[in-house]
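Since the structure comes first, as structure tokens, the remarks are kept for the end.
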Amino acid sequence: SVGFKAGVKEYKLTYYTPDYETQDTDILAAFRVTPQPGVPPEEAGAAVAAESSTGTWTTVWTDGLTSLDRYKGRCYHIEPVAGEDNQYIVYVAYPLDLFEEGSVTNMFTSIVGNVFGFKALRALRLEDLRVPPAYSKTFQGPPHGIQVERDKLNKYGRPLLGCTIKPKLGLSAKNYGRAVYECLRGGLDFTKDDENVNSQPFMRWRDRFLFCAEAIYKAQAETGEIKGHYLNATAGTCEEMTKRADFAYELGVPIIMHDYLTGGFTANTSLALYCRNHGLLLHIHRAMHAVIDRQKNHGIHFRVLAKALRLSGGDHIHAGTVVGKLEGERDITLGFVVLLRDDYLEKDRSRGIYFTQFWVSLPGVLPVASGGIHVWHMPALTEIFGDDSVLQFGGGTLGHPWGNAPGAVANRVALEACVQARNEGRDLAREGNEIIRKASKWSPELSAACEVWKEIKLYFEAVDTL
């Protein structure tokens, strides 16, 4: 009979299309799916495609008013995960028309929305996303990008050095500014507000901005180098956030900061637009990422959050260290470091890269290595991250036995020694300790730092493995 046939039918009849040839304009997703016992992988994969696009649990007569074939997500390939009993990588293609232009918020609401609470799945993780140029071109991306940042700062041929001001909470604005000045004066390029420093009773944002600006200008005048402090503009409302960004702009400082996951993608994209229009660099902190990305079988992998940030906009983003106190398995970390910086990234499953990604001319983002790192890590960091990165030593600067400025000196000397050694063709991985030891002979500050941290090890097995 012709017409509407009510009732529940299997998702795979509509949404599992193994013969589908993906289009250049499709957004492609790779999900790690753990079905409930008794649910076949084809049905689970089709359910993911359906629930994250046009489907619902039963046939509805309004399906007849549109062309499902044009708008539905399609599960086009399924492969079992090696070494796991009941896990599959499910590939889904979404037609571009399902998404609003220039909105990470809308893209995520579909792809990682309700489907994650779906009962037929025991767990679901979004491992990777291919954003086609047709979609990425609808975004502004980072306010400035790597090359423009180097030109603004007049710093070339080496990683940039930063430091998070500690104790993260409790300092008055004046003492905070003093710590900023000492670090910048000692040789760092940047200092940083901690991610949870917004505007609390012990230090209101306006006071902090003023004292930090004073510190920046004083350090610049004395060193002849351009300096910056990531002024955290994150706030409870977008209007308040913009007000803080405005004040930073009026002070003439080079860079501000945002917590993009807690602040949200809508706020972040607005701030990135503001920064481009006002010539401010934007540093992005990823507080809350581990809630989303740390479980191996459920959530969203950080490489997807990193791609989303490059679309939404930011000039720096924290990306793990490989060697410090926070997560980061080497190959996987390098995978999303390349994805943040480069125009083009080949599919490479050994790095967890499921799709070839072509960013066309979207500016790049500097990866920030931060968390439990100190001078002995400098050779490894220089080798792993290369020149286009920011190396941030919080405790590794402020924990120096002689104080903040000598801590900054130690880090700058160590970095310059590593860069020089690398440029001379030496092997940082093999000769790193020797390079640091030699440099410490003519730098008492570095020598003292080497002594303090020579025994420190923060080794646990990485959770983020393939």
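Placed from the backbone N, Cα and C atoms, the Cβ positions cover glycine too.
Sequence annotations record features per position, and here Swiss-Prot assigns active site, proton acceptor to Lys166, His285. Sequence annotations record features per position, and here Swiss-Prot assigns substrate binding site to Asn114, Thr164, Lys168, Arg286, His318, Ser370. What Swiss-Prot lists as N6,N6,N6-trimethyllysine is Lys5. The N6-carboxylysine annotation in Swiss-Prot covers Lys192. Per Swiss-Prot, the feature site 'Transition state stabilizer' maps to Lys325.
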Rounded Cα-Cα span from the residue listed as 'N6,N6,N6-trimethyllysine' to Thr164 (substrate binding site), Å: 62
Of Lys5, Lys166, Lys168, Lys192 (the recorded positions), the residue whose Cβ has the fewest other Cβ atoms within 10 Å: Lys5
Residues that sit under 8 angstroms from His285 (active site, proton acceptor) by C-beta distance, when 6+ apart in the chain: Glu195, Asn232, Met257, His258, Asp259, Tyr260, Ile317, His318
Local backbone state of Arg286 (substrate binding site), from DSSP in three classes: coil
Largest CA-to-CA spread of substrate binders Asn114, Thr164, Lys168, Arg286, His318, Ser370, angstrom: 37
Thr164 (substrate binding site): tally of other CB atoms within 10 A of its CB: 24
Entry from the binding-site residues list Asn114, Ser370 having the most other CB atoms no farther than 10 A: Ser370
Distance [Cα-Cα, Å, rounded] between Ser370 (substrate binding site) and the residue listed as 'N6-carboxylysine': 11
Where Lys166 (active site, proton acceptor) falls in three-state DSSP terms: coil
